[in-house]
Ligand SMILES: O=C(CO)COP(=O)(O)O
């Protein structure tokens with residue numbers, strides 16, 4: 001059975017004080033279960049402090065993005081080596097906002113995925129179609145291509161550890177969620193693509209999250225689906241009560 005993972009993508013929200021209050025509030029309130037991983041991905045400025053604050057609790061801290069090289073003249077960037085040195089376990093890669101506003105491409109996402117694995121960071125690889133692609137009936141084709149390119153040259157034993165987040169772009173921050181059945185159908189195709197690229201064993205090991213307007217009230221239904229192993233949550237992960245509630249839902253559903 002695949003372990004569930006609920007990850008909060010905080011995007012560019014919260015001051016340091018607000019971020020610390022969140023962690024203090026959540027620490028100790030997470031249900032004791034080894035069936036669900038609870039992760040928050042704050043702005044990189046807070047990673048070190050929040051990771052220290054969360055030490056010894058069930059809460060884990062991940063990054064929202066990173067560069068693909070260890071060091072260099074790349075003003076403003078954070079490297080995989082830096083994240084690894086802080087023992088950050090997860091990094092979100094290829095989020096649609098990074099693709100849309102920061103010129104990330106399937107090729108650059110692939111370089112970052114390879115860099116993450118070379119530093120023992122677990123990538124949360126985001127894929128998803130736009131509204132236009134969905135309306136043209138190109139959802140599966142779009143997502144399968146993104147997966148194929150992101151995993152180029154990635155070994156099967158690494159791919160098994162990966163997390164893929166299926167986030168339909170039209171469902172992000174819009175209040176529109178894909179129906180659980182539709183989301184599951186696409187997650188099933190993602191798993192099938194991993195099966196094609198590797199083998200059955202890798203396909204059944206890889207964990208797939210759904211993302212896009214997830215909240216405590218719609219999480220149980222999403223998690224009841226065969227191919228959905230967790231959620232990547234934006235807005236609803238910013239509130240401590242709602243985050244804790246989602247971890248509780250995931251530990252029961
Ligand atoms: O982009 C997302 C998570 O990465 C989803 O954001 P929302 O949950 O706010 O729709």
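In case you wondered, yes, glycine gets a Cβ from its N, Cα and C as well.
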Same substrate site per TrEMBL - residue from 56, 173, 195 joining 9, 10, 11, 213, 234, 235: 173
Can you grab the distance from residue 173 (substrate binding site) over to residue 167 (active site, proton acceptor)? Cα atoms, rounded to a whole Å. 11
Assuming the binding residues for substrate are exactly those in the record, 9, 10, 11, 173, 213, 234, 235, what is the maximum CA-CA distance in angstrom, rounded? 14
Measuring Cα to Cα, how many angstrom lie between residue 213 (substrate binding site) and residue 167 (active site, proton acceptor)? 9
Please report the three-state DSSP label of residue 235 (substrate binding site). helix
Fewest other C-beta atoms within 10 angstroms of its own C-beta: which of the recorded positions 11, 95 fits that? 11
